[in-house]
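**Q** Structure in structure tokens, see below.
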Amino acid sequence: MTTRSLSPKQIRRGLAFSVLSSTLGMVWVAAVLNIPMALYLEALGAGGLAIGLLAMLPQIAMMVQIPSTFFVEKRTSRKGVWFVCALFSRLIYIFPVLAAFLPPEHRAFGIPILLTTAGAGFFVGQIAVTPWLSWMADLVPENKRGAFWGKRQGVTTISFLIALAGAGWVLDRFPEGNLTGFGVVFAIATVFGCADILLHVLVPEPVQVPIERSTPPLQRVLAPLRDRNFRYFTAAMAVWGFGLAMIGQFGNVYLKQVFDMPYSQISNIQIFASAGSILASFVAAFLMDRMGPRVYAALMALTVPLCHFVWLFITPGTTLFGLPQPAVLLCITSALSGGIVAGVIIAQLNLASLLTPSAGRTMAMAVHWSIVGVISAAGPLLGGAIMDWFTAHPSSLQLPSGMPFSYIHAILLLHLLITWMIALPLFISIRTASRDIGVSRAVKNVVLANPLRVVRDIYNIHISMASVPRHRKAQAVQELGKTRSPMVNADLAALLEDPSADVREEAVSALGEIGDNEALDILLQTLEDPAHADLAPQIARALRRIRSPKSVDALTRQLDSDDRETKAESVRALGEIADTRAKEPLLKVLREEQDEKLISHSSEALARMNEQVAVYEIFPRMRHTKNRVLRRSLATTLGSFFGEPNTFYLLFSKELQNPGSEIDRLYKKVMRNAGQSRRNKAKAAEQLAILQPAYEEGTCAECTGPLLTLAQQTARKDFGSDTSETVSPQNWTAGLILWIIEHLHEARETDLRPVEILLGLYVLTCWPEKRTDVPKAEN
């Protein structure tokens, strides 16, 4: 099944008609599947069992989807079957309209009329559901599913909210016991329900590939269930549906019975739930496209039971802000729970499309919805049984509000348990082909995060994707990087194609701030793309922040780049990562490059990796450069190979600020290293007596002789020899220190600087304990 035969314009037009027609259909839904129907039965004198049966009917009616699918799958078009069944399911509600005008002595017939109408309408209507879902799954482009279902949910919920408010207003216009209001409400609902079907005929349908009859029917039914993820998804939604169906309309019935709440207030609670659904529909689509529908559904399963706790504190007759306290609190929590439930519906539609193959999708949809319906159907029966039991056996347990523990509290407690203990683990167990951010990271970045930060992220993503001036877009992208939310990786990847260099560079920087595996993969893929060569320096800088060994190969390849900045940033990144695979490429840069920036960066990179063999390349570079700043940089880099990291850098910085403040400490350490022998201490003191005034007077050439004598004395004491060639095989570090001081002495006739004498004295204080170091490499 494909949309290839439809042009983009036809698809856009068809989706617009679908949303418009569904907006009309919400008037019918508000009456038939919501408060008015349950209150209609209650007004006729129905008990909990009848109300539970009403809630159960649409669920159990889903069972007809499987047998109907055998017929639908043999056809290339689904629209005809859908139209006949859907229109019938709307027209039949003329009977509840007529029941409202029955004489009082015949009102008892109203209950079976309503239940029979609902049963027939639901069963025939369910035949239309599967072809419609399959039809829409084929019509909506995969990359726009989240946005479409979110937009549709938001727009249609506005219509639902208005219809529900109107129904509550109409019902309150008639006195208690007068059923005329219900007749008016259901008459209007029937007209709008039929208009929905007639308008939706204009939506184009992609051609369906008929299924071959050779596969036995039972195998076709069981085929989707062989997929592990489809099973978990179906089970999760079945448990979720069971819990919601168990609650059903019992909360509204409880408010009417116990609190004597007027219809308008009950409608207002539902209106707030719808308002929450409207907002959540757009937010949910946004978040779902970024965290994945599986993760979003799991988050909603985690949070929705928390809304139930308000029922422990509502009390009749009390006010809050001058309004009835129960209505205020329930309106607030209903807005939250309504948004959550709406989000799960969108997630279900997305997951149903993701987890069902295009071939046989109609049957897979039917199997899913049938199982969900059958299991959910038991929810209202259990809810009704709990209601009837508590009615017959009132509880003496008191709630914090002072109200007795009743059937609604038992139902909500049970819903909490099955949602957290069954539905949530099932959602977490689902795996989809599309990547998501993971449940634990979603909890951290959404549930436990500052709500204002989440809102700010949403706003900044909206700005970054909108047509705004480049500086404004770049600023929004920069803010996204500061929050380090993994949800925005895909958006930042898209912004790498933005025409503005500022925006592209900020997107790279933001990915580097986020630094997870997905961000790393995006950066590496972009680095290898010649079309993004202008971003290579910024990407290398971002990879330096991430410090992942995974990026070593790509960065090493950038060392052959002709761009100086790209090469320099790649060197710095490799040094920060400190992976031994980069040793030889960095040594090659150090040996061959004449660019002072590259010399400095490659030296620092090798020092971070503690590749001491690089000393033999860095020292000559330090001696030959005429650049004062580079010489200091290379000297501090050489110092970092010895002792603790940054020790020589800090020492040199303090010496620059306050000359002579640090050199005295080095003298004292040299004396300590001379050992306990008086003779050795005397010899060391003799050499320091020569070195100290020479250093203070700035005659660096006269400092090298005492330095070399001190080093040789220490080498003879520890290793029995006094040259770097003979010491190195015994102790690599000691031999390297001796080599540096020997070459400083050889350069005494050249332009030696105080930093080099300070370096020589410092490395001498880092002399290792004798025979403890194993040779690391050969000169």
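Placement of Cβ uses the backbone N, Cα and C atoms for every residue, glycine included.
As annotated by TrEMBL, transmembrane segment applies to 14-33, 81-102, 108-133, 154-171, 183-203, 230-249, 269-288, 295-314, 326-351, 363-387, 407-428.
If you look at the structure here, what lies around each of the features I listed?
**A** With a cut-off of 8 Å between Cβ atoms, the residues of this chain six or more beyond the transmembrane segment (14-33) that come close are 6, 58, 90, 93, 118, 121, 136, 139-140, 148, 151-152, 155-160, 163-164, 167, 185-186, 188-190, 192-193, 195-197, 199-200, 202-204.
Same-chain neighbours of the transmembrane segment (81-102): 28, 31-32, 40, 68, 71-72, 75, 109-110, 113-114, 116-117, 120-122, 124-125, 127-128, 131-132, 135, 179-183, 186-187, 189-190, 193-194, 196-198, 200-201, counting only residues six or more beyond its ends whose CB sits under 8 Å from a CB of the stretch.
Packing against the transmembrane segment (230-249) from elsewhere in the chain are residues 34-35, 38, 51-52, 55-56, 59, 224, 297, 301, 341, 344, 348, 351-352, 355-356, 364, 367-368, 371-380, 382-383, 411-412, 414-415, 418-419, 422-423, 426-427, 429-430: each is 6 or more residues past its ends and has a CB under 8 Å from a CB in it.
If you look at the transmembrane segment (295-314), the same-chain residues 6 or more away from its ends with a CB under 8 A from one of its CBs are 236, 240, 251, 259, 284, 287-288, 325-326, 329-330, 332-334, 336-337, 340-341, 343-344, 347-348, 351, 399-401, 403, 408-409, 412-413, 415-416, 419-420, 423-424, 427-428, 436-439, 442-443, 446-447.
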**Q** Ranking 154-171, 183-203, 326-351, 363-387, 407-428 by the number of C-beta pairs under 8 Å to the transmembrane segment (269-288), which range is first?
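**A** Per the Cβ under 8 Å count, 326-351.
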**Q** Go through the chain and flag residues at least 6 beyond the ends of the transmembrane segment (407-428) whose CB is under 8 A from any CB in it; none is fine as an answer.
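**A** For the transmembrane segment (407-428), the nonlocal Cβ contacts are 48, 232-233, 235-236, 239-240, 242-244, 246-247, 250-251, 254, 294, 297-298, 301-302, 304-305, 308, 311-312, 382-383, 386-387, 389-391, 399, 439.
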**Q** Taking 3+ C-beta pairs under 8 angstroms (sequence gap of 6 or more) as contact, is the transmembrane segment (363-387) in contact with the transmembrane segment (108-133)?
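**A** Between the transmembrane segment (363-387) and the transmembrane segment (108-133), contact is present.
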**Q** Same chain, outside the transmembrane segment (108-133) by at least 6, Cβ under 8 Å from its Cβ: which residues?
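**A** Hits for the transmembrane segment (108-133): 32, 37, 40-41, 44-46, 50, 53-54, 57-58, 61-65, 68-69, 72, 78-79, 81-83, 85-86, 88-90, 92-93, 95-96, 99-100, 102, 179, 349, 352, 362, 365-366, 369, 373.
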